[in-house]
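Per TrEMBL, the features are as follows:
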| type | residues | note |
| --- | --- | --- |
| TRANSMEM | 7-26 | transmembrane segment |
| TRANSMEM | 46-63 | transmembrane segment |
| TRANSMEM | 84-104 | transmembrane segment |
| TRANSMEM | 110-130 | transmembrane segment |
| TRANSMEM | 150-172 | transmembrane segment |
| TRANSMEM | 184-205 | transmembrane segment |
| TRANSMEM | 238-261 | transmembrane segment |
| TRANSMEM | 273-294 | transmembrane segment |
| TRANSMEM | 301-323 | transmembrane segment |
| TRANSMEM | 329-356 | transmembrane segment |
| TRANSMEM | 385-402 | transmembrane segment |
| TRANSMEM | 408-429 | transmembrane segment |
Amino acid sequence: MTPKHRAIVPAGVGAYAMGSLANGVFSTVPTILLLYFCTEIMRVPAAWAGLAVFIPKAWGVVWDPFVGTWSDRTRSRFGRRRPFMMIGAIGVPIAFAALFWAPVTGATARFAWVAASYFALAGFYSLFAVPYSAVPAEISADPAVRARLVGWRMTASMIGVLVGAAVAPVLVEHFGGGRAGYAAMGGCIAAGCFVAMIPPIAMLADHDAAARPSAAGERRPRLIDQLRLAFADRGFRWLAITFLLQLTAVGAVSATVPYLVVGTWGRAEGEVGAAMGALLVATILSAPVWSWLGRRRGDRAMLMLAAVGYAGAAIALGLAALLHSSWPTAVFCFAVAGIPFAGIQVLPFTIAAHIAHAQSAIRRAEGSAGVEGAFTGVWTSIEKLGLALGPAFAALVLSATGRGAAAIAGFVAVVPPALALLSIGALSIRGRAGSRLEPAI
């Protein structure tokens, strides 16, 4: 049976979207600043720093689907999603503050502290983000409602990304830079995001469905069964490959921004916020447009357009760095990149919610439990893997070139565009396979 919920009022949509503010901040600050923090502030060798950034994120490939299936099966008086979100809301701010504190000396000890703190942050983040992200797929049978909820969630996420990318560097500079500046920034960001994680937990009091009671003798599906179920759907499989390639490109560009701003253009660390702010203001303004275009012209076609646009923007940014263009030109390039970046963020999540809802409807019609959490767990693990691979590639370049400005600029001009264009190939293969990505409306 499909879960029944009270109607979603505008205040409920807003309360739910607040969680994405925190998600956006917690996922963005490490993606942009952690590699730079490790190599330039903590003086950890670039190769070690790459491992510290990659391994905790890569762990999500296993942990996120497990959390998704675990929450799918959970029965409690608090519902099946909220217990996980409550634990995550407590653990994430603590781990985030610890990540940028690092009260140890020596490269090995600093590497261990950062890796352990980031591992804890990734684990607690999954406990909140995976159940939270499963809600749109199960909260309504109307695809328009799901698309609207995802659209508002992603808009809030972009605001969170803006705060993480633009405000965090300014806070670092405001508090004096160096280790003390990063520690103060971590504490401020953690406190603010804790507040933002509370409204969606409260909102789900009226919308968090308990798991369907198991029938006598029914075998609960194992994690590997849920993974097979998700990837057995051809639409989801090719969408996952597309999203992985695109997020790897995004992660690669994001991790190099501080090096470009400080090293190539000779700006202060706080100017990283100006560059990312320009990008993300454009992202926030264009996100609703991409959502509208997806409904009017088809999500898959618009996602291909967004990927082409992002490839072109990355090439322009890399060339601007290689040619030592003026700082206003650089900021303009960042702003232009924000427009296709919005499409890469909004459209895949909308398509994934449609697929998860369709598969869960089939399962419920057969008398089984829905699998929104399993699909969402796999999806968020792909997101984490992509955002981990991008900085890892950047760390390899830093390690091999000694953080040379020309090498970093060349990397931005070549690798992210190639990944974005490869994602179009994956999406095209999916289209030729014959099964649609858009829902039947």
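Using the three backbone atoms N, Cα and C, a Cβ is placed for every residue, glycine included.
With a cut-off of 8 Å between Cβ atoms, the residues of this chain six or more beyond the transmembrane segment (84-104) that come close are 19, 22, 26, 29-30, 34, 37, 42, 67, 70-71, 74, 78, 110, 112-114, 117-118, 120-121, 123-132, 179, 182-183, 185-187, 189-191, 193-194, 197-198, 200-201, 204. Proximity of distant same-chain residues to the transmembrane segment (329-356), defined by a Cβ-Cβ separation under 8 Å and at least 6 residues beyond the stretch ends, is recorded for 134, 136-137, 143, 146-147, 150-151, 153-154, 157-158, 233, 235-236, 239, 242-243, 246-247, 250, 253, 260-261, 265, 274-276, 278-284, 286-287, 289-291, 294, 299-300, 302-303, 305-310, 312-314, 316-317, 320-321, 371-372, 375-376, 379, 437-439. 238-261 is the stretch from 46-63, 238-261, 301-323, 408-429 with the greatest number of Cβ pairs below 8 Å to the transmembrane segment (385-402). Residues of the same chain lying 6 or more positions beyond the ends of the transmembrane segment (301-323) and with a Cβ under 8 Å from any Cβ of it are 242, 246, 249-250, 253, 260, 264-265, 290, 293-294, 329-330, 333-334, 336-337, 339-344, 347-348, 351, 405-406, 408-414, 416-418, 420-421, 423-424, 427-428. The stretches the transmembrane segment (273-294) and the transmembrane segment (150-172) are in mutual contact, each linked to the other by at least three Cβ pairs under 8 Å (pairs 6 or more apart in sequence). Sequence-distant contacts of the transmembrane segment (46-63), counting only residues of its own chain at least 6 positions beyond either end whose CB sits under 8 Å from a CB of the stretch, comprise 30, 34-35, 38-39, 107, 111, 114-115, 118-119, 121-123, 126, 255, 380-382, 384-385, 387-389, 391-392, 394-396, 398-399, 403. For the transmembrane segment (110-130), the list of distant contacts is 19, 22-23, 26-27, 30, 34, 37-38, 42-44, 48-49, 51-53, 55-57, 59-60, 63-64, 67-68, 71, 84-85, 87-92, 94-96, 98-99, 101-104, 197, 373, 376-377, 380, 384: same-chain residues at least six beyond its ends, Cβ to Cβ under 8 Å.
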